[in-house]
Amino acid sequence: MMVSGTTRQVLAGLSASLSALSTGLTYSWSSPILEYLVSPRSHIPMTRDQSSWVVSCMEFGCWVTPVLAGKLADSVGRKLTLLATGILYNYILGSQLDYWRFQLANLAISILFMVTFIFAPETPCYFIRKSQDQKARQSLLWFRNGQDVNVVENEFEDLKKTIASESKIKVTLKTLLTSWSSVRCILLLQGILVFRIFSPVQTIMAYSDLTFASGDTFIPTQYISILFAFILLLSIFPSTCLVDKAGRKVLLLVSTLGCAVFSLISCVYYYVREHQRVPLPMVYSYINFVSICGIGVFFNLGLGPLYNPLTCEYFPSNTRALSGAVLAFSSATIQLVGYMLFYVLYVTFGMYSNFLVSCVVCSFGVIWIQLYIVETKGKSFAEIQAVFSQQVR
């Protein structure tokens with residue numbers, strides 16, 4: 001029975017997405033177990049302050065791996081990773097399993113990825129860059145199984161020409177950082193990183209139980225977290241339909257503005273509850289939940305999903321791995337600050353202060369995106385690079 005090329009691509013993509021599922025697990029791993037770790041039952045006794053380092057410590061690894069991964073992507077090979085549904089997975093299992101079974105459930109995803117993805121071939125582009133044309137043809141034929149051999153051969157020759165033209169210029173960290181157009185792209189994407197980290201969806205994922213427990217809830221906090229993750233998952237899909245119709249810049253503007261507005265609503269709710277000592281009717285707990293979900297929905301409209309496409313569109317392929325490593329390093333640093341600041345602000349001022357910071361940062365982000373982000377909708381890569389070149393002059 002012949003398996004079509006499309007089916008093979010889908011199966012390889014599904015297997016690859018397991019790696020992204022594992023990545024998603026790291027964002028929400030801490031939320032279901034923080035209360036256990038600071039409780040008398042914990043096998044690792046710790047204070048609340050120490051528990052905030054548990055949330056933040058994974059970013060230390062991200063300081064080391066981006067540079068190494070950027071080099072390995074071109075010298076050893078790249079296999080696509082996508083961000084998927086690990087957050088929902090963790091919230092559901094974390095509310096039902098004990099500490100050790102929860103860790104084994106997380107480990108199972110990584111093992112499943114390794115077992116299945118080992119059978120997927122390396123990409124044709126990688127083999128062409130390594131001057132292994134025969135392996136590149138075999139890889140392309142595997143992905144295009146069932147198509148006419150001549151069509152596949154023509155695609156192979158086009159790939160060779162494209163990669164040859166891109167590989168003429170050797171890029172080092174020095175050449176990357178001394179090219180103003182490259183530095184400008186890094187700064188633009190760095191800004192988006194700041195806004196997406198302080199939106200503050202990723203931090204809420206790590207502290208979701210604490211966030212919802214700081215207010216009134218209409219159901220237990222662990223189930224609120226599951227419902228929140230489920231809404232996040234569903235809200236991913238609209239942006240895929242709108243991105244080529246509305247444009248990247250418009251979606252980023254709407255996304256950042258929405259995060260600012262709903263952060264303000266949650267800020268007011270927590271401030272009144274924590275500092276005004278006004279008894280709030282239970283209906284306000286629904287309003288707070290809706291506002292936090294609103295932050296997540298608007299995050300997934302632009303700030304969340306559009307960062308990676310813009311990275312691909314702003315940088316040529318010969319600088320993409322290195323520039324990605326630089327951005328990943330800075331992202332880890334900013335996210336570490338975000339995790340630590342969230343807990344410090346919560347302890348010092350109250351939960352409302354985190355949403356106040358989010359509102360201020362996202363409000364500034366709306367202005368910044370309007371002034372500086374380059375729209376890529378309907379533009380070829382050459383046209384996008386021409387825009388940056390003209391602005392440099």
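Every residue, even glycine, has its Cβ placed from backbone N, Cα and C.
The feature transmembrane segment is assigned by TrEMBL to 76-93 (among others).
Sequence annotations record features per position, and here TrEMBL assigns transmembrane segment to 99-120 (among others).
Residues annotated as transmembrane segment in TrEMBL: 177-198 (among others). A Cβ distance under 8 Å defines the sequence-distant neighbours of the transmembrane segment (177-198), meaning residues of its chain 6+ beyond its ends; these are 252, 256, 259, 299, 303-304, 306-307, 310-311, 314-315, 319, 323, 326-327, 330-331, 334-335, 338, 357-358, 361-362, 365, 368-369, 372-374, 385, 388-389, 391-392.
Residues or ranges marked as transmembrane segment by TrEMBL: 218-238 (among others).
The transmembrane segment feature in TrEMBL is assigned to 250-271 (among others).
What TrEMBL lists as transmembrane segment is 283-303 (among others). Here the transmembrane segment (283-303) has Cβ contacts under 8 Å with residues 192, 195-196, 199-201, 204, 211-212, 215-218, 224, 227-228, 231-232, 235-236, 238-239, 242, 248, 251-259, 261-263, 265-266, 269-270, 358 of the same chain, all six or more residues outside its ends.
The transmembrane segment annotation in TrEMBL covers 324-346 (among others).
Taken from TrEMBL, the feature transmembrane segment covers 352-374 (among others). Residues of the same chain lying 6 or more positions beyond the ends of the transmembrane segment (352-374) and with a Cβ under 8 Å from any Cβ of it are 188, 191-192, 194-195, 198-200, 203, 248-249, 252-253, 256-257, 259-260, 263-264, 266-271, 274-275, 295, 314, 341-342, 345-346, 384, 387-388.
For the transmembrane segment (250-271), the list of distant contacts is 192, 195, 199-201, 214-215, 239, 242-243, 280, 284, 287-288, 291-292, 294-295, 297-299, 301-304, 306, 350-352, 355-356, 358-359, 362-363, 365-366, 369-370, 373: same-chain residues at least six beyond its ends, Cβ to Cβ under 8 Å.
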